[in-house]
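Some features that Swiss-Prot has for this protein:
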| type | residues | note |
| --- | --- | --- |
| BINDING | 24, 25, 26, 27, 28, 29, 130 | ATP binding site |
| BINDING | 28 | Mg(2+) binding site |
| BINDING | 46, 70, 92, 149 | substrate binding site |
């Protein structure tokens, strides 16, 4: 009997998997176990941005504004997309620049879709400073971002609706769904 992960890796042919979704959707916490199960490398794009910039994301926003941050984010995504066999946790706003989609679609794009109430709860419990939520009414700011981004996230190759599953369970769910996107090369050869 064939190992399903080995078969999936063969089908992926080194294509990277890009996790997209709102801040707090679990891209990093899901990406790590997903990469481990696939034997892929894991990259947190926000961490790479901080390394490249030499400061934190809130400091980049303060110094360069959102436009400056998005420019660095696009450069980092371009560099990451040159590599293969990665699971990449992207920043929540990566989808807002049309030019980023070319890099994202060099791999498989998976949207981690978490409902508003869960996002609010997760972000409330999260110690990470989120520059776009540093407003008098963070919930209204989140609503605006959701309204702008949900249609863009909908362009993903695969949507995974997350309720209260653990990151490990979400990773397992992605592994079960990925084969539905990718043809088995042995089936293609037989035709």
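Note: Cβ is positioned from N, Cα and C throughout, glycine not excepted.
Feature map: annotations from Swiss-Prot on the structure.
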{"residue": "27", "record": "ATP binding site", "Cβ contacts under 8 Å, 6 or more apart": "19, 20, 21, 89, 90, 112"}
{"residue": "28", "record": "ATP binding site", "Cβ contacts under 8 Å, 6 or more apart": "44, 46, 89"}
{"residue": "29", "record": "ATP binding site", "Cβ contacts under 8 Å, 6 or more apart": "167"}
{"residue": "70", "record": "substrate binding site", "Cβ contacts under 8 Å, 6 or more apart": "93, 96, 97"}
{"residue": "92", "record": "substrate binding site", "Cβ contacts under 8 Å, 6 or more apart": "20, 21, 22, 23, 25, 145, 149"}
| said: Just to be sure I understand the packing, how many Cβ atoms besides its own are within 10 Å of the Cβ of residue 24 (ATP binding site)? | reply: 22
| message | Between all pairs in 46, 70, 92, 149 (listed as substrate binders), what's the biggest Cα distance, rounded to the nearest Å? | response | 18
